[in-house]
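Over in Swiss-Prot, the protein carries these features:
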type     : residues : note
COMPBIAS : 24-37    : compositional bias 'Basic and acidic residues'
COMPBIAS : 74-103   : compositional bias 'Acidic residues'
COMPBIAS : 366-377  : compositional bias 'Acidic residues'
DOMAIN   : 160-231  : domain 'POTRA'
REGION   : 24-115   : region 'Disordered'
REGION   : 360-397  : region 'Disordered'
TOPO_DOM : 1-138    : topological domain 'Cytoplasmic'
TOPO_DOM : 160-397  : topological domain 'Extracellular'
TRANSMEM : 139-159  : transmembrane segment
Amino acid sequence: MTTKDKGDQKELQKYLSEWQKRHQEYLEKKSQEKASETDEEERNAEPLETSESAGTKETDNSEDEKEDQTQDQASDDDETNESEESEDVEEPEEENIEESSDVSEDRTEKFIGQADVGIEKEAKRDKPRIERIHLYRALPVLVISSLLILLSLYFITPLGSLKNLVVTGNERVTQDEIIKATQIDSRDYTLTTFLNRNQYANNLKKANSWIEKAEISYQFPITFKIQVTEYKILAYEASTGNIYPVISNGTVINQPVKKEALPENYMRLNLSDKAKVKKLVQELSDVPDSIKNEIQTVDLTPSKATKDLLTLTMRDEHKIIVPLSDIHKKLPYYSRVHPLLTEPSIVDMEAGIFSYSASLVQKEEQDQEQEKEESSEETVPGETEAAPSDVTDETNN
């Protein structure tokens, strides 16, 4: 093998795998062994040729001089033939060497081709992996940048402030009043409205006394549902002539109600003090509804011992006298006393719990009024009689 071939093989070894390198070395070793064998055969063939030429010369000396010329010619012919034979022998050896080198070259070319194919396949396999890795690395950046672009477009365009407000659960408060109380502006972004929805619900509860609960929920894409729960009306306050609703938390709503809008049966409070109204509502919260629904009017009737004494007139004409601060304790006992009452009675719960007939009280009141009238009539003539005497005394003086 020439130096050029060796240089080419060295360059190719860089691209071959470990197994291919070993196989290539094995082939080179084989080719070297074959070359050494051919060299030995050539060396062995040279002494044989010299021995044959010496034998022919000895036989030629024993013959006649005449035959020397012919033998010399024959020897010359033999030498030419031997040279030709040696050349013929060398030619197949060279052919064998060339064939072995050709085979090795073919094999190396095959291995080189296989190596190139393997390298190409590996390159093809590696290329998509590298591309995927770069894609995976760039994916977060692409996602974040695209989201930022979409958000900027959303806030710049009027789509960012579109809102559809839906109010449910309202009976006494209009939809416009509720939306106004939330303080949601039409220019507010949909996103900020979603983030501050709890604050808007608190604004609604603070601004409107009717609202007990408020909840704002979001429905994609632009709908906000305002669910409200209103306080129930417990009674009506009518101490000033106008009738105002009293809701279940004890607040007197400063919106007069027309008599035509009043229900058939309702609790009428004749209490001008709003603090006492709130206290009454708190006390009645522990009283059963069966008793509360039977109360027709509530009047403040203080006594010398109890300043917050109330008189509750029931729908069946019974009356209950009870202190405001003891309603939650004593008024529930009315359900036990009520079955024992056969006629309109007064149930006194100021000091204890006892009842007496209302007719007797009315009779006593009537008797007291008559006595007052009689006493007033008796005192009037005395005064008239005393008047002239006073006049005479003055004249005498």
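Note: Cβ is positioned from N, Cα and C throughout, glycine not excepted.
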Within the predicted model, mean pLDDT of the topological domain 'Cytoplasmic' (1-138): 60
For the domain 'POTRA' (160-231), the number of residues DSSP places in helix, strand and coil: 27 helix, 22 strand, 23 coil
Secondary structure tally of the compositional bias 'Basic and acidic residues' (24-37) (DSSP, helix then strand then coil): 14 helix, 0 strand, 0 coil
